[in-house]
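Engineer: Please read through the structure below; I'll follow up with questions.
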Amino acid sequence: MTNRRNEDVVMPATASGRAKGQGMSRVVVVGYGPTAHRFIETMRSRGFAGSLTVIGEEPRPAYDRVALTTYLTEDASLEYAVPSGITTRLSTRVTEIDRQAREVVTLDGERVPYDTLVLATGSAPFVPPVPGRGRAFVYRTIDDLEAIREASLGSTHGVVVGGGLLGLEAADALRGLGLKTGIVEIAPWLMPRQVDEGGGSVLKGHIESLGLEVHAGVMLQSIEADTVLLADGRAIPAEVVVFSAGIRPRDELARAADLEVGERGGIAVDAGMRTSDPSIYAIGECALAGGVVYGLVGPCNTMAEVAADRILGGSSTFGGSDLSTKLKLLGVEVAQFGAMEGALDVTYMDPVAGVYKRLFVSDDASTLLGGICVGDASPYTSLKGFVGKPLPASPSDLLFTGGGLSLDLPDDAQVCSCNNICAGTVREAIAEQGLTDVPSIKKCTRAGTTCGSCVPMLKQLLEKSGVEVSKALCEHFDYSRAELFDIVRVRGISTFSELVSTVGTGRGCDICKPAVASILASLNGEHVLTGELAALQDTNDHFLANIQKNGTYSVVPRIPGGEITPDKLIVIGEVARDFGLYTKITGGQRIDLFGARVEQLPQIWARLVEAGFESGHAYGKALRTVKSCVGSTWCRYGVQDSVGLAIALEQRYRGLRSPHKLKSAVSGCARECAEARSKDFGIIATEHGWNLYVAGNGGFKPRHADLLVSDVPTDELIRIIDRFLMFYIRTADRLQRTSTWLESLDGGLDYLRQVVVEDSLGLASELEAQMERHVAGYFDEWRAVLDDPDKLRRFTSFVNAPGVPDPSITFETERQQIKPVLIPLEVVRS
Amino acid sequence: MSTLTWTAVCAFDDLLPERGACALVDGRQIAVFRDFDGAVYAIGNLDPFSGANVLSRGIVGTRMGEPTVASPMHKEVFSLVTGICFDDPEVVVPTYPVQVRDGRVEIAA
Ligand SMILES: Cc1cc2nc3c(=O)[nH]c(=O)nc-3n(C[C@H](O)[C@H](O)[C@H](O)COP(=O)(O)OP(=O)(O)OC[C@H]3O[C@@H](n4cnc5c(N)ncnc54)[C@H](O)[C@@H]3O)c2cc1C
């Protein structure tokens, strides 16, 4: 991104009125982080008419720093949209505030005049003065992460200095970059600011079980080339060292300009976010509000809104903020709310399950003061709103019932601390706007849009407000697809009629019939045209081909892994030529033949089957293809036989009916030529085995697949894919691709991993057995049609003239191939 | 009113329950359907939304008890009784008298 010059920002004439209070026409913001973003957004949405300039030192507009770590794991952009009418100056550092002239000076010496200045310079990581510190990294910006990623290439060991919230997040990131990672913490236990000693020891168990080393109660001595030295004399290998030892407010500009700053840093502000200079405000992590520097987005956002309101003439105040935190780090829930001490406390500890919960209450045991949770944060969700209020039940009940999720939150209980939204606000929005799902609550109230940890609470508020979140498939079934799947499975139902007469109404429709057809196919594996099943199928499944816009069909023979002999290729060419079909190579490494009339389909397939081809299921909500790169057999970079694996997988899962189509790919090395990470399940070869990625998607809403397991051998890989696919088939909604399915799973990827890798639900053997039944029961659908005169009879254009082709289907020629001639719609509709 | 000309197009048993077939009657394409209870319906085969002759290949079902077919092209739903499109009542496909006599399906078109 380049700097945008700012000729358009200065409004010279009106500036003369600036001393008169209301002439605040030029607002300049220094620092372009999340707080600055919230500030300019609020100014714009409240109709501020003057000019608004943001000067930021980073080379990009503000981005979601809370989600910084996902920069390494996901492709989603973290950047916020720049509101319209804002002048942004990126890669520009402000070096001086000239309060006399009311100008800020940039590193280039440029002077930008202001009427009102807002400092939103955030904070900088603290790097303790140890020898070798120049070799270390910090963890704060996208550029920091880029540098860490680069350094970790070719490295094997990492160390994070600091075992607080961010330190653990950074350690997880290093682990994700493939480094064996240690954590050095000077305090006797991890996360000393959030948890007490008991919680710390439970947390340590979790962290160590993930393969991270914890060195607590020890100081860092120095950083050497490939090791760090600890004060107790130990040397730990580490090519990559990251400091996460606290942050310091960036108050240097304010200091130099003689604004009042706190003894331990932070730009002092009043309740309206104004500094000791009335035309300068400070907001976010650089501000010292009520003697506190806040390091969480929630209060920073509130400060931004207060400052905007004040500049626009309002009188709102910032009254301090709750520093409760709940987060999920390395799969472990950690939460702290309210006070970390009290007259009485009740502790629940289960070292085996790795759960620690502690509540602090007043001396008469009637008022809740605060709590700490490790391993199970449900009390946070249900109890945070009760801090300072009478306890809704006895402390031990609250701890043992996993937090008693049926408690009614008071209206003034904060639900979303990132955006400062109370339960009452959410309830009101649900009632007044008639909201029925979490996405619309997010949109309406902003709750849940930042860190997302309150989403379960939003769901609960929705349910409690009596909103029926309708899962009904259509007017014929009050059940979701997943529920119908279980009904069919458990009751052993084998026909639509039986299902609709027992749990549905009417005779179905184009929504429920194909969904039930797919369920029956997944469970029973019968031919899709057998008996009553035939009436349930979409036209594609009914003719085992893909309908095109003129009512003709296309044919796709299976070419497993994209590997094909010249002889078979010639057969496809001959068939296409003899039937005059338009021929195109697909993205899935196969060949699509277009323009076949229904009565031609059996003739075409008779030739294809004879040459050894099978149905490619391009017409079904089923496995399509397993694409592959050329792999280690030929490619000089390949490390595994990707073609061999792709063929094995395609043959294993061919014909598997699922809630939506399934695509896969196998790449023979990290260069990823097969684009496996855009697939529902993608496999990438490693030196030691295979990495399995799941829930990717191309198409309308691209999504990179998530790493589910790494370096697994082939048999284990297949076992996990079996489970993954069957779990998806069981639980997804109708027409829900794996990507949206994963996003809708409570607990997301971690939960999926627990179920299909760690077998937390004890389902694994059942899922595997179900897949085995599919594999054993596979047959070629097209061959079966050709062998069955009853099924063949349906392939006619006219029931009373079986040999006659549909005269309304005609073609013209384009680039030496056929192209449909369409009947103009005006003619059709008149 | 009597002189409807009936054309036999197929045996009743040629029609699968809740599935259609297309008959060519005097050059006109007519979609014939048999519902679950054995009632027979005939409507034009031309899908007015796509311009393709495909309605006979749609999924048969019910809307509030009324028998319907959904176009296989873009899923607009039509009443088999009136030919009216549920998604856009302005759009109507023709309906034809149909009867079953001696096990044969006959259309008057
Ligand atoms: C990895 C990570 C995870 C986090 N997770 C959470 C979480 O789960 N929950 C939570 O509440 N908070 C979390 N935080 C903290 C949260 O990100 C901060 O509270 C928030 O970013 C503060 O926003 P800010 O705009 O005040 O400051 P910053 O984000 O620091 O932005 C300040 C910006 O100003 C720029 N700047 C500074 N000085 C100048 C200058 N002189 N000229 C030009 N530009 C300048 C800086 O380069 C920076 O871009 C996390 C932070 C990190 C790093």
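Here the Cβ of each residue, glycine as well, is placed from N, Cα and C on the backbone.
So TrEMBL lists the following for this protein:
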type    : residues                               : note
BINDING : A:Cys629, A:Cys635, A:Cys669, A:Cys673 : [4Fe-4S] cluster binding site
BINDING : A:Cys673                               : siroheme binding site
DOMAIN  : A:26-287                               : domain 'FAD/NAD(P)-binding'
DOMAIN  : A:415-463                              : domain 'BFD-like [2Fe-2S]-binding'
DOMAIN  : A:548-610                              : domain 'Nitrite/Sulfite reductase ferredoxin-like'
DOMAIN  : A:620-758                              : domain 'Nitrite/sulphite reductase 4Fe-4S'
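Neighbours and distances for these, please.
Structural biologist: Neighbours of A:Cys629 ([4Fe-4S] cluster binding site), defined as other CB atoms within 10 A of its CB across all chains, total 27. Look at A:Cys629 ([4Fe-4S] cluster binding site): DSSP puts it in coil.
Shown in sequence order, A:Cys629, A:Val630, A:Ser667 are the residues of the chain, 6+ apart in sequence, with a C-beta less than 8 angstroms from the C-beta of A:Cys673 ([4Fe-4S] cluster binding site).
Regional average pLDDT for the domain 'FAD/NAD(P)-binding' (A:26-287) in the model is 93.
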Engineer: Please work out which residue of A:Cys635, A:Cys669 has the most C-beta neighbours within 10 angstroms of its C-beta, and give that one of the binding-site residues.
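Structural biologist: The residue with the densest Cβ neighbourhood is A:Cys669.
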Engineer: Determine, from DSSP, whether A:Cys673 ([4Fe-4S] cluster binding site) sits in helix, strand or coil.
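Structural biologist: In the DSSP reduction, A:Cys673 ([4Fe-4S] cluster binding site) maps to coil.
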Engineer: With a radius of 8 angstroms around the mean position of the C-beta atoms of A:Cys629, A:Cys635, A:Cys669, A:Cys673, what other residues of the same chain does the [4Fe-4S] cluster site pick up?
Structural biologist: A:Val630, A:Gly631, A:Tyr637, A:Gly638, A:Ser642, A:Ser667, A:Gly668, A:Arg671, A:Glu672, A:Ala674
